[in-house]
Amino acid sequence: MYRTISRSSSGLIRQSTARLTRQLSTTRTTPSQYNSKLLLGVLGTGALAFGYFSQQSSLIQNASTAENIEKVFEEGNAVAKDAQESLDARQEKVIKENEQKTKKAEDAKTSSESKANVADKKSNSQPEGEPEGEGKQEAAFNPDTGEINWDCPCLGGMAHGPCGEEFKEAFSCFVFSETEPKGIDCIKKFENMRSCFKRYPEHYKDELYDDGEEEASTEVVEHVVLETSEPAIEQIEQGIKEDKVKPNTKSD
């Protein structure tokens, strides 16, 4: 009985071993087949990795290029903006300068026209024979009567001071004098005028004192008075030449 069991066991073991051997032989891979599969796996993984990194590198390069392009556009926009602002400023400056030139020209034209109108009005209102640019009160003589206008500002107000009468006599004598040198025959009248000035130094300080407190001579006083009333003398002498002023006109 023991033998029978032993044989049976041995038979089972052999059958199992044979079956396992066949299974191993059908599933076992040879070294060459294994190496080929390993190489394919490595190459596939490398290709995938290269593709991935190539794609990432391309994305990085594209992003960098896009940033550079954007930077260039920003710089270009800034330059264009500065150029436009500069152009606008220049145009505004030119416009203002043109406006100022136009305004100056218009003002000059208006001023010229205004002066011309004033001159025309004066010319139209001025009596014939009256010195140009002077009204009756400002003329040295009255063209209607031919008399000296003692109210003329050109006489310096000396005809109405404390020594007004003495001034009128001396002045009338000088402007109508026909001697050479002119006025030499009026010395006595100028001496009388100077004597009157000395009585009223507060009124005739400028005429009576020459450069300080020293009293001026009759000749100096005469010179100062005639120099002050020189515009009136010129007008009256011209009026005498044109026979518009009466010789030896008596003072008021």
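Any Cβ shown, glycine's included, is placed from N, Cα and C.
Under the heading compositional bias 'Basic and acidic residues', Swiss-Prot lists 90-123, 239-252. The domain 'CHCH' annotation in Swiss-Prot covers 160-204. The annotation region 'Disordered' is assigned in Swiss-Prot to 90-143, 230-252. Annotation comment: Swiss-Prot describes 163-173 as motif 'Cx9C motif 1', evidence class sequence analysis. Per Swiss-Prot, the feature motif 'Cx9C motif 2' maps to 186-196. Sequence annotations record features per position, and here Swiss-Prot assigns topological domain 'Mitochondrial matrix' to 32-37. The annotation topological domain 'Mitochondrial intermembrane' is assigned in Swiss-Prot to 55-252. The transmembrane segment annotation in Swiss-Prot covers 38-54 and is backed by sequence analysis.
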Fill in the blank from the handout: Confidence over the motif 'Cx9C motif 2' (186-196), expressed as mean pLDDT on the 0 to 100 scale, is 92
Exercise for the section: Could you break down the residues of the motif 'Cx9C motif 1' (163-173) into DSSP helix, strand and coil, giving a count for each? Expected result: 10 helix, 0 strand, 1 coil
